Structure formats: C-alpha cells, structure tokens
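Visitor: Following this message is one structure expressed as structure tokens.
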Ligand SMILES: CC(C)(COP(=O)(O)OP(=O)(O)OC[C@H]1O[C@@H](n2cnc3c(N)ncnc32)[C@H](O)[C@@H]1OP(=O)(O)O)[C@@H](O)C(=O)NCCC(=O)NCCSC(=O)CC(=O)CCCCCCCCCCCCC(=O)O
Ligand SMILES: NC(=O)C1=CN([C@@H]2O[C@H](COP(=O)(O)OP(=O)(O)OC[C@H]3O[C@@H](n4cnc5c(N)ncnc54)[C@H](O)[C@@H]3O)[C@@H](O)[C@H]2O)C=CC1
C-alpha cells in the first residue's frame, strides 16, 4: 500500500509494504491514487514520495513475476504519470531505492538521498532489465557509460557516488523527509520541463559507436551465457539511437523476451533459495527460530596453507581479532607472508572506502606456534592437512586448552565430523565449517552438524557466515557432505568418459558451454590432482594398502578408473607441477593446452585394458556428468542430509561455479523434467551396470511415479514415504 497525507502545501505519498516496500499491485494502485488525489487538490503545490521504515523501495515484488497476476506492466505508466505531473515531485530516498524503486525516483523531478542510502538497477541479477523506462531515463540523467555500468552489472551504489554521478540532487546526513519537504517547497513554481528526464537528450559521446562496440564485447564476456546483460545493453543502446517513446517500446519488447526466458525464473528462484537457506533446521528439531548464536570476540585459525590463509583474510576483513597458528616457525613465516600479501591486496581494494583493515596490530592479528595462545578464543577453525589422525590429535589438544564454551570448527573437505568430535570432551561444540578455495573469495560456507553438535554451535556458525559476508548452508554429516559428495560422481563420469574415448578438452568444453566457469579437468588441475590421490590412498583405493590382486579397474565390485592415480604417479599434479590433464607453460602456469602425451597415454591405456574407443557425443557427456550429480542430490535429500533442494542449489551456485542462470542442479533437473532425467539415468545405468552413481535413486523414481511434482513439493513426498525408500 501507500499512505497519502497532505501537509500545508506538500502532499506526502509513503510506500508501505514491509519489509522492503516492494512494489506490489496494491502499492502501485495506491501510488497512482495518491498522485491523482494530489493532482486534483488545488491546495497541494508539490508532492514528496518516500518509503516506510527508512527504506524507499527494493523495486517490483519479485514473487509477482512468476504469478499470473503480474504487477510489472503497470509501473512504467505510473513513472510517466509522476514525471508528467504539473506539480513538482520529490523523491526522498532512504535505505534502498532499487529496481522499480529507483525507476519511480527517476520519474520524480528531484531526488534527495540520505548519506547511507544505496541505489541500483539490479534487475539484471534476476534475469530481467529495468522495464519501467529506467533504461531510457538513466542514460539521459547520468550519461551512457555510467548508466550502462549500473544496468548491466546491477551493482548498488552508495549515495555519495550517486551524487557525483548526478543521480541525486542532494544528500543529507539528518532527516531526509524534512529535507525533501523543504526542497519541495523551494521548487514550487519553478519550470518542470528541464527536470523531466524523458525530454532530455542522451548526452553525446565523441565516439559513441566505438564506445558501445567495446562495451558490448565486455558485457558478453562477463555474461557467461546469461541473456540479461546483453539485453540490458541493447535497451541502453536503443536510448542512444531512438527517441524516448521508441526506446521505451524497445525496452518493453526486450523485457518480455527476458520475462518469458527460463533464465529469469532460474535467477529469481536462486534469489529466494539463498534467503530460504538462512532458515535452517535439523531433523532433530533444532532450528534458526529457537537457537541463539554465541558472540565471537576472538578467533583462531590453525594451519596457514591454501585454505587457512584465505580464512584468516576473511576473519580480518570481518574485524574479528585473531590468532593464526602453524606447526613450526618455518611454516609460520611462510604462512604469515602469504597472509600479508592477501591482506595488502584486500586493503588496496578497500582504499577510499569507509572501512580500513587493521592487520599490523598484534592485538588484532597474532601469529604463533604456541597452542597456549588459544586459551581465550571463542572459536577455532582448524585447516590442517586432510588427515583424520592429525585432525583428531589437534581437536584433542584444543579440547584441553580452549575454554569450555569455545566453538571448535574443522575445515575438512569430507571427513567424519563425529569421529573428529570424539577426540574432544565437548562434542556439542564441534562443527564442520567447509570453506571453498579461495576462501576469501568464494561465497559458500557449508556448515556441517554432527550427532552431538548443539543448536547454539550451528547458530554461531551461521552468524559467522553472515559476519564473513558468506552464504551459510547447514547440512548433515556424511562423506563429502553435500557439495563434494555430489561432485564425486560428476568427476567419476568425466574420467570414465575419457576411458571410453573422449578427451579432457572435449568434456570440459561441453560443461563450459553449459555455463560452468571451468570444466572438471581444468578444475582438477587447478585444485591439484594430489589432493584426491591422498584421499584415495587413505581410503585404501590405491597405493601400498591396496590388496594384491585387486583388478586395476574395479574396487569393491564397482567400476573404478585408476587414470587419476596413474597421472599422479607420473608427478602430474596439475597446474602446480605444470602437467596434469593438460600441459601448462610452466609449473604454476595457468594456461591449459591439450597435451599430446596424454592422448598417447590414454590410447595405450585403452589398449592395455582392451577398451574399444568410441565417439562420445556432447549430449552423452552432459547427461552423464550432470545427471549423476543430480542423482546423488536426490539420495542426499532422501537421507535427510539437506533439508531441501534449495540447499543443494545454493551450495552449487556459490561453491562450485554452477551457472546461476540455470538455478542450481536440482532446479535444472526440474526444468529438464524428472521423467527425462530418470529415463536417461536408466539408459546409462543399463549400459554401465557396475557404476552405482548412474543407478536412479529411489527418491527420484518416487517423484516420477507420483507425477513429477514441482520442486517446492518434493520434500513433502519424502516425509510421507521416507520409511519405504
Ligand atoms: C533490498 C535488499 C538489498 C535487502 O537486503 P537485506 O536487508 O539483506 O534483506 P533480504 O533478506 O534480502 O530481504 C528481506 C526480505 O525481503 C524480500 N525481498 C527483498 N526484495 C524483494 C523484492 N523486490 N520483491 C519481493 N521480496 C523481496 C526477501 O526475499 C526477504 O524475504 P524472505 O525471502 O521471506 O526472507 C535485498 O533484498 C535485495 O537486493 N532485493 C532485491 C532487489 C531487486 O532485485 N530489485 C529489483 C526488482 S525487479 C524490478 O524492480 C523490475 C522492474 O524494473 C519493474 C518494472 C517492470 C515493468 C515491466 C514492464 C514491461 C512490460 C511487461 C509486461 C508485463 C505484463 C504484466 O505485468 O502482466
Ligand atoms: N585446498 C582446497 O581447495 C580445500 C581444502 N579443504 C580442506 O582444508 C584443509 C586444509 O587444506 P589446505 O589448506 O589445502 O592444505 P595445505 O596443505 O595447503 O595446508 C595445511 C597447513 O596445515 C599446517 N599444519 C599441518 N599440521 C599442523 C599442525 N599440527 N599444527 C598447525 N598447522 C599444521 C601445514 O603446515 C600447512 O601449512 C584440509 O582438510 C582440506 O581437505 C577444504 C576446501 C578446499
């Protein structure tokens, strides 16, 4: 809704739709009614539009885009109505003015913002474009380069930047509403023509064509298969080429294309999924609504290798005082140097901003090899080698040294949280916090509760994720948890495809064309092939503990590919050694090129094992890799390891480079159609009966049997049927 109130000369229209004053159908109707009332009242000389509870508006109601009764189409005409008012209209921007909210403000004749307000046109991030004439007004106000940047990236800008760009007329530190009313009174009677953005020409650039061509290349490169950025670009280009009304028509056409694209639905699903996972719950009844976090005033990180360095950087950025511990002085000095390099880089990025990084102060960041220094910390994150015996030794020590309430977190990739917790006196304080590499960049934090983990511990880890500006997703304990467990069959299929006749670059290409930033082989080379090799040796799948006489391509009666082990035996660990599934310009090099050695090696391998090479098409590559990953997702859901498909999708988007415009693996499965996923898995499983990862999960079969229900209903079938699965 919107409340209408009349002062002596200025009418106030307040947008009200908690929590963010989204522009629902009712809000738009009330806004239109308010404008008409103000217009009809001769005692009203000016209008001020603001939002309730210190927020202007976060734009159109995103849920409305997928409902049959959409409100979107009504907004453009209302923005025009505001602009054509014969009485000056002032926008008082507090909190946020985003999307349709900012478009309303662009229709106003004057804009005044609070210092702490943020503005943006983030429609591109939900697969749309600013469809209420924003792509036509913004370039007229702030010029094409700045408008293009805001519209194609969706970034939010602070009020200070908005002022510099000319997006707002004034910023204030105190009462924005009072300042806006003062401004409204001041401008009564002044000509409105120059304030109507639709009448202004788009500021010219000396080389507009060349600028736009270059900008398009950049937009396409950053879009990575996502449609919206390019269509946003086209809408802005239309503003440079056509009169306002024609530009608006073009904007509407492009908006319609996006609205009906599957990508917009996927991105909007991802938006809400990310928010839904904050409301965590466990099968034992612990949940976000009843558990309270404990404060983290000081933390510690153990192990300053690849992960520990990034984790330290995150904690320093979150302003949490910290002790960083290594096993010996040599590793400590190496780790300290690496941490300093990361922090210097982060400090440079933050230069000129409101926050500064305080990392030279030993009271805030202390390096040590002495466990005694951890006595007073509230939380420890262990990031030592992936070795159960070592982790247990460390947790045993922590349990003795740390204060009883301290939260003990392990950054293991796959190991059993309960077993690690068993080495302590307080297993309720032990929890998995699985960061992703590079830890200071990747947004995901997988939070794994064990059998004894307390609700307070989970709530504290979730609170930590928020403080680190990460997306925390709470999951249960099993080998590989959610993310890596789903990754195993995906990588396994990729390797099996090589055995059968494919090449690393062919497999990677298919998955990169699908939208992954990096295919499975390039990813393995980046992460280091030795990591998985060590884990397989620990599991007795390869190496000296493998029983004599074990068939080369079978383990426990299932198909196994020794290819990755054989590469490691040749010292091919990936980028770090300059050779892996690809060759690189040098050890540590980044440019992957196909390696003739590998082709030859694969061919000999196939001869040795009597494998007949066959041509494998793109469809088979895609389906076997993705459907096996999705299949594992269904098994995870059935076991109660995650509370819903949204959890799996948020994990994949934020931790594994799954293309967001495809909504995550489970959402993708729902768009492909579960009957098709099932039929394909059945087909591949019949062809490869010794590969359990291709055998359709009982839960997937169940969902198909009950008629392929929509994703949001999946879990209800599980609770009714779980005992029979
Ligand atoms: C606003 C935020 C920055 C706040 O962040 P934070 O404080 O962290 O809180 P959150 O947890 O994120 O949010 C709290 C709560 O609010 C929900 N929510 C937030 N924003 C929206 C929203 N816009 N709609 C609905 N709900 C929203 C959020 O989900 C939370 O609730 P919960 O899920 O229950 O926990 C942050 O939230 C944020 O960034 N929000 C998104 C901002 C955004 O993307 N805005 C753009 C919206 S799209 C838009 O405005 C499009 C337009 O341009 C409108 C014009 C369309 C006109 C089309 C005309 C063309 C003709 C087509 C014909 C169509 C035919 C027809 O209409 O029928
Ligand atoms: N590398 C990756 O991409 C990811 C790794 N992980 C997990 O994070 C953990 C750490 O992995 P990496 O950082 O890659 O390993 P790493 O080998 O780069 O670093 C481990 C560090 O731990 C230190 N260390 C060993 N024993 C110690 C002890 N007793 N006391 C203090 N420090 C000790 C080592 O000196 C080394 O610096 C592992 O459990 C791994 O599975 C999780 C996500 C991703």
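Yeah, the Cβs are placed from backbone N, Cα and C, and that goes for glycine too.
Where the annotation comes from TrEMBL, it is an automatic prediction and has not been curated.
Copied straight from TrEMBL:
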type   : residues : note
DOMAIN : 298-477  : domain '3-hydroxyacyl-CoA dehydrogenase NAD binding'
DOMAIN : 480-584  : domain '3-hydroxyacyl-CoA dehydrogenase C-terminal'
REGION : 539-559  : region 'Disordered'
DOMAIN : 621-709  : domain '3-hydroxyacyl-CoA dehydrogenase C-terminal'
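A description of the local structural setting of each listed feature is requested, covering burial, neighbours and distances.
Guide: Predicted-model confidence for the domain '3-hydroxyacyl-CoA dehydrogenase NAD binding' (298-477) is 95, expressed as mean pLDDT.
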Visitor: Counting by DSSP, what is the helix, strand and coil composition of the domain '3-hydroxyacyl-CoA dehydrogenase C-terminal' (621-709)?
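Guide: Once the DSSP states are binned, the domain '3-hydroxyacyl-CoA dehydrogenase C-terminal' (621-709) shows 65 helix, 0 strand, 24 coil.
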Visitor: With DSSP as the reference, give the number of residues of the region 'Disordered' (539-559) in helix, strand and coil.
Guide: 0 helix, 4 strand, 17 coil
